[in-house]
Amino acid sequence: MPVDQSFNAPLSEVDPEIAAVLEQELGRQRGTLEMIASENFVPRAVLQSQGSVLTNKYAEGYPGRRYYGGCEFVDVAEQLAIDRAKSLFGAEFANVQPHSGATANAAVLAAIAQPGDMILGLELAHGGHLTHGMKLNFSGKLYDAAAYGVDPDTFLIDMDVVREKALAHRPQVIIAGWSAYPRHLDFAAFRSIADEVGAKLWVDMAHFAGLVAAGVHPSPVPYADVVSSTVHKTLAGPRSGVILSRDTALAKKLNSAVFPGQQGGPLMHVIAAKATAFKIAATEEFADRQRRTIQGAQILAERLVAADSTEAGVSVLTGGTDVHLVLADLRNSPIDGKQAEDALHEVGITVNRNSVPFDPRPPMVTSGVRIGTSALATRGFGETEFTEVADIIAETLKPDSDLAALRARVLTLTDGFPLYEGLTQ
């Protein structure tokens, strides 16, 4: 009996509704400026790896130790991903199987803590992450969570306060990492505090892993017991997670925490795409992109602290940035975070509203916006383009701005930097 006709038919014939969604989304990405700090554009080679026949293969276990036959080629793919991750970050151990950053984080905690243990991380409302102890998240339900925050005047993490919190709570795990904090973390100070209270130090570098890979951001690997990350964001790989460590003694616990602790079969097509992304991240081209990413964020921060923005009630948390994102503070502005997000969307710039520390507004409204530059650097933007983008954003955040004229300026930029040329879906 021949294969069903639908087996070899193109998506446009089998499922025109989904084909239309893909085409529309491609058009949206091409015709707008993507500035959500947790998003990026993956290289075409990563798309090709992920959209491959490896999606067909079940491979529970690890290379050379599978519970299924026929794994000789997916073993090669996973070992490449492991070796490349270790080389890229200078780690002794890597697990590339986590389906996401959240599952990687769940596995880390399962490996280095017991349910009911005390964990200490950055307060969610001050830039932390759900998986660092938020009460409605697994991390706040399974573990006893405490938090440190930022200084109310500088909005910086005060390591003396972190030490005081650690001495008061005596956590088994101290978490260094963030989802909305624009400065470097002092990994050496975190290490010292962890040692003082006998805690494990876990660094979640999901947002800045690409910067670390490029050597333009301090690496947490020499200081942390365990490092976790997503592979998208600044790394520009597939949406997924990775766990790293310099301590090979933790290898068995970490591997067991991922499989069978958190997951069953790994997604081999995604793991292959991770391997491709790690290879690209080791290139000078990638390093240049990360340098432009930081340059773009700093240009934006400088523009938003200029006199006209200040007069419009806009400021920048911490006064600038060391990384790929800027946090615009709108507490003194006539517009709130939701209104700013909507106005920027109208001109063709995609960002997300974001709470600022000590925010008087609710989380669905907020008094800030988080703006990232990774995707634009990937698209090829440099100093000239980022200067124009910064000016467009500054103008958009003013009351009564001409949004139609600003939209035209955005289209000039997108037209000059085509995305995924030749791709139709």
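Placement of Cβ uses the backbone N, Cα and C atoms for every residue, glycine included.
Copied over from Swiss-Prot:
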BINDING   Leu124, Gly128, His129, Leu130  (6S)-5,6,7,8-tetrahydrofolate binding site
MOD_RES   Lys233  N6-(pyridoxal phosphate)lysine
SITE      His232  site 'Plays an important role in substrate specificity'
Among Leu124, Leu130, the most crowded of the binding-site residues [Cβ within 10 Å]: Leu124
Cα separation, His232 (site 'Plays an important role in substrate specificity') to Leu130 ((6S)-5,6,7,8-tetrahydrofolate binding site) (Å, whole number): 18
Integer Cα-Cα distance in angstrom, His232 (site 'Plays an important role in substrate specificity') to Leu124 ((6S)-5,6,7,8-tetrahydrofolate binding site): 21
Additional residues surrounding (6S)-5,6,7,8-tetrahydrofolate, by Cβ distance to the Leu124, Gly128, His129, Leu130 centre under 8 Å: Gly121, Leu122, Glu123, Thr131, His132, Gly133, Met134, Asn137, Ser179
Integer Å distance between the CA atoms belonging to His129 ((6S)-5,6,7,8-tetrahydrofolate binding site) and the residue listed as 'N6-(pyridoxal phosphate)lysine': 15
Cβ neighbour count within 10 Å of Lys233 (N6-(pyridoxal phosphate)lysine): 28
